[in-house]
Amino acid sequence: MAESGGLKVKQTCAAGLSRFISFASEYDTPKIVHVKSKKVGLVNRFVQLTVIAYIIGYVIVYKKGYQEFDDVESATTAKLKGVIYTNLTNISDSLNDIINHRIFDVADYVIPPQETDAFFVMTNMVFTPNQTQSICPEDPSMANVNCTVDSDCPKGAPVINGNGVRTGTCNVETKTCNIYAWCPVEKDVLPLPNDSILKDSKRFTVLIKNQIEFIKFGVKRRNVIDIINDKNYLRNCTYSSTSEIDRFCPIFELGTIAKYAKVDYDEISIKGGVIAINIRWDCNLDYSEKQCRPEYSFRRLDNKDVNIAKGLNFRFANYYTDNNRNSRDLVKAYGIRFLIKVTGRAGKFNIVPLFLNIGSGIGLLGIATILCDFLMVHCLRKGYYYYDRKYFIVEDVDKEFSESYQEQVTSSQLQPQNEEEHVRSRVGEYNRFRD
Amino acid sequence: MAESGGLKVKQTCAAGLSRFISFASEYDTPKIVHVKSKKVGLVNRFVQLTVIAYIIGYVIVYKKGYQEFDDVESATTAKLKGVIYTNLTNISDSLNDIINHRIFDVADYVIPPQETDAFFVMTNMVFTPNQTQSICPEDPSMANVNCTVDSDCPKGAPVINGNGVRTGTCNVETKTCNIYAWCPVEKDVLPLPNDSILKDSKRFTVLIKNQIEFIKFGVKRRNVIDIINDKNYLRNCTYSSTSEIDRFCPIFELGTIAKYAKVDYDEISIKGGVIAINIRWDCNLDYSEKQCRPEYSFRRLDNKDVNIAKGLNFRFANYYTDNNRNSRDLVKAYGIRFLIKVTGRAGKFNIVPLFLNIGSGIGLLGIATILCDFLMVHCLRKGYYYYDRKYFIVEDVDKEFSESYQEQVTSSQLQPQNEEEHVRSRVGEYNRFRD
Amino acid sequence: MAESGGLKVKQTCAAGLSRFISFASEYDTPKIVHVKSKKVGLVNRFVQLTVIAYIIGYVIVYKKGYQEFDDVESATTAKLKGVIYTNLTNISDSLNDIINHRIFDVADYVIPPQETDAFFVMTNMVFTPNQTQSICPEDPSMANVNCTVDSDCPKGAPVINGNGVRTGTCNVETKTCNIYAWCPVEKDVLPLPNDSILKDSKRFTVLIKNQIEFIKFGVKRRNVIDIINDKNYLRNCTYSSTSEIDRFCPIFELGTIAKYAKVDYDEISIKGGVIAINIRWDCNLDYSEKQCRPEYSFRRLDNKDVNIAKGLNFRFANYYTDNNRNSRDLVKAYGIRFLIKVTGRAGKFNIVPLFLNIGSGIGLLGIATILCDFLMVHCLRKGYYYYDRKYFIVEDVDKEFSESYQEQVTSSQLQPQNEEEHVRSRVGEYNRFRD
């Protein structure tokens, strides 16, 4: 028993092993019809060439198909520098006395003081100081009614687009209704007709610090880099796209930014606008990390020809209590909003994408075959000669299979005596196939 | 010598040329076994049909497989309009006198005055004016201790969740420890029990300006578009998803936004919340650019059923010096935060992706063959008949290769006299292969 | 007539039908040469195994090739808690009297009070109270000139890096030019030599609420989840990466965040910095949604070794009118900026990607064939024996096609009498092909 059992095991083992070996030493490969035909051959080679050129030239070399990629992770901070003294003696408007002779420094013109990937520089303003909650006539430019008697000013609900709620009385001088509001109401007129108060802000500088990381590759870079071995360089440089060195300087003059963005600073500073500062990190980590440096570009984002709410402005107020009166200074700030957009990706050699691209390339080569088969069979005068050699017809056997198998083989493998007949059948087959 | 050299060159040239020609005029195509079998044929056609339908119908037509795409680059600005007059006579709380009768305008309820792709509208508040750094009793609701004697209030380290540091004395009236803090401390109670001060803010309007660009295609669009040739249209319209024209109006009423976001404005305005304004740009640049228009959708992002820190609120203060006393007005602002999310992509016809999709489609067709081969050989009763025609067995030759090559050819090419034998071997081969 | 017409139709129908049937019951499959060779077979099986392992192991299992994915849509809000009492008796500087003994609460140290996906905590400051627009000497540390007489101070244009514009006079005490500016000018010196005023802010806590959505799957999740059934748990917990429960607590101690980011809080609090709070949602929606939970990680983003503008600071001012004098308190705020970055994606089973991955896998199997064909034909000693069986040479027929078709068939199908000749031609063919 045991013996025979042992024997069985041995046998199964042996069987399994031999089967495995024969399995491992097999190999299936399609039988190829090697056609020699100038016409088809040329087409074939041409298509193959195109595909190979596409794969190698475009996918692998141009699109770096041999690399795996990672997108950039970034953090930015912006710090402005600059002071302006406004000397607007030409302005009589008493309201603006306060800003006629005034120093504007960072704390004054950067609002809010800090943002994520953005900063705002006030370039123009409508200043309305010492407002208190009280009663005063509506701003004529706002009022949609020219009142003469109180009955023109129905007391009640707030005027959504106005500055306050009507008290029900009419102010005969201004010909506008009296309202309960922050008084005096803002006169929405720019202090200078076709100019901005702080257009000299073009001389301000901003230091942009940008830390990036390609997490997949564990590579950290920053845009504050010592191009030259001069400790003081970074303190005093300013960005210039033309200079080999200064195009890596992280300090930008606002005027320069506008220039590169093809914006007239004097014009944009009147009504405000939005300018994007793009920082592009395209890094090929197959080379030295040191090569991984930012590229700056600038462009205006808002549309200067828009017909409503042109430019960029917003209102904010400083609140305080003076002699127990709750007051505020209202500021309508016009200015330029700078958006810092950091993009980029790093590539590093990796076998997997290369493998995949080659694989898919091989797949594409199939197109050549399909095309040429079609050509060969349908377009060549002797198509059915090739068809005959490419296709090997196997009839359905479900019916006449009763006949001995061997005959089947002979009849279809080595054509028997009556060749013409066979051929005829084939040609018919071909014609059916053709149309 | 020279002659013979010249001759050599000529010969090599001739040889190279002829070789190139013969190379260029070659073409390899797999030999195809053309089986006629209803069962397999049907499966084959069905799978092929499925794959083709998938490629053409889904990949190319539905997923626009013939286009290359670019994602949107965007910049937004939001500008609010609206005034509210609060008339809370029902409130006795002296602290709130200041806000009982008060006008709230943009500068009052938009905090901070400007953000990137977002804006906050205050809808409710706890106002604590005229705080100074001094000593006062802790807010009972905050104090975790009910003191009776000073010893209950150990002087020292700040109470992280309190308003200040204990002075070491106990205030007998409030039964809370005295603290050094911004006094008087905030009474964290909403002015109205189940209502918000500024719920009328639902009538405010916001103008959202959105500039987008598809850089790859150099296409710039903005959401402020003149649908109709009426200069004043954009000034007076308000968004409505139902109207053919107004659904492109960039001015939104906050109440409408809430409605579309399925939010009860009165409810959200009490404790605050977060609402997303999605601007979707799906552009098919194969058509006119004019077709490239935004689609707006709205939904609430925060969870109203959260059990801690419900809604949205934050504290800020206005600092000032009054009669040489450093003071501040503390505001706990509840409100709605609107996040503007711009998404979208543009597609334009491009030959490369089309090419690739077709290529991969052809690859997928291979599945039909694999499946059917399996069927044909393993499932059909006469599998080995087809197997015999599909597979052409080539024995390993490393051993008996000593025999003359020609015999090899004959024996395997044109089957010799002893056919049965050959067949038998084949059938065995097949059986081995089958299991 | 009509009859014959009806007949025609019938016939066409019949014809069409029969053609369709024969078309539907056809099936093309490549003829396979089944080679038995240990050498090639092994290589073949090995390559096939590699590809299959890659597809199944890497693409489908590891990379979840059977799922379709959606990226996360998120909204966050942060709410800070904590109070600090500064007791800097060791400081004599009169300017800072105001901050020597002072309570700092949320409204004081969070600037701006609210941001999108970020918050800033002031940890150190230079405080300059009661500035007014007037004339005073420039800060010596700023002045690039040591003046002795007025002529050293040319009146005029603002000094971009200074605090104001020169009046033209020299202040003999400070040896700096008098300037028109916000006076007194800021003395840019930190109150404590190597320490920060608010370093105790490490004990502050922040509650981060994060709402996410996987729109494609309509799944909403939030990070404020009740891990345990204790109503009060979420009110009192603090995050800890080690605890099984507390690692889902949404309340973070700033000191803990710094610790996990490998940052010395005392050091970063002096000059400020940027720390990222990453919230990662990796969800496999094939399991229960409850499994879909956030993972927190922290790291410092700014570079502490940068040689200019180290750390993070910015200036802001509080404006007010005191006794009709426009004044401001200037604050140079140093602090830590926390950026909340939400990433993640959800995967759910879908047949399409699975289908595609398998398809492309089959395509890759082609590599095995290509490689082995090359091996077999070019590397094996008896290459041309296999070559002969794999390739079936079809001569161009454009010339001798005049000859009867049948002969063509016979001549190339069943090799005629003169076998050697035929073989010789083939061998030649092979050699040409080989090199």
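Backbone N, Cα and C atoms are what each Cβ position is placed from, and that goes for glycine too.
Binding of ATP is attributed by TrEMBL to A:K79, A:L80, A:K81, A:T205, A:N313, A:F314, A:R315, and the same site annotation extends, among A:K63, A:K64, A:K332, to A:K332. If you go by TrEMBL, A:C153 shares a disulfide bond with A:C177, out of A:C136, A:C177.
In TrEMBL, A:C170 is paired through a disulphide bond with A:C147, chosen from A:C147, A:C183. Which of A:C249, A:C292 pairs with A:C283 is settled by TrEMBL: its disulfide partner is A:C292. It is A:C147, among the disulfide-bonded residues A:C147, A:C177, A:C283, whose Cβ has the fewest other Cβ atoms within 10 Å in the structure shown.
In the three-state DSSP classification, A:C292 (disulfide bond) falls within coil. Neighbour density for A:T205 (ATP binding site): within 10 A of its CB lie 18 other CB atoms from the protein chains shown. Those recorded positions from the list A:L80, A:K81, A:C136, A:C170, A:C183, A:R315 that have a Cβ under 8 Å from chain B Cβ atoms: A:R315. Nearest in space to A:K81 (ATP binding site), taking C-alpha to C-alpha distance over the disulfide-bonded residues A:C147, A:C153, A:C249, A:C292, is A:C249.
Around A:C136 (disulfide bond), the same-chain residues six or more apart in sequence whose CB sits under 8 Å from its CB are A:N178, A:I179, A:A181, A:C183, A:P184, A:V185, listed in sequence order.
According to its DSSP assignment, A:C249 (disulfide bond) is coil.
In this structure, the C-alpha atom of A:F314 (ATP binding site) lies 30 angstrom from that of A:C147 (disulfide bond). Other C-beta atoms found within 10 angstroms of the C-beta of A:F314 (ATP binding site) number 25, with every protein chain shown included. Listed recorded positions (A:C147, A:C170, A:C177, A:C292, A:N313, A:F314) with a CB under 8 Å from any chain C CB: none.
Taking Cβ-Cβ distances under 8 Å and a sequence separation of 6 or more, the neighbours of A:C249 (disulfide bond) in its chain are A:L234, A:C237, A:T238, A:Y239, A:S240. The C-beta environment of A:C153 (disulfide bond), restricted to residues of the same chain at least 6 apart in sequence and closer than 8 Å, consists of A:V145, A:C147, A:R166, A:T167, A:G168, A:T169, A:C170, A:C177, A:N178.
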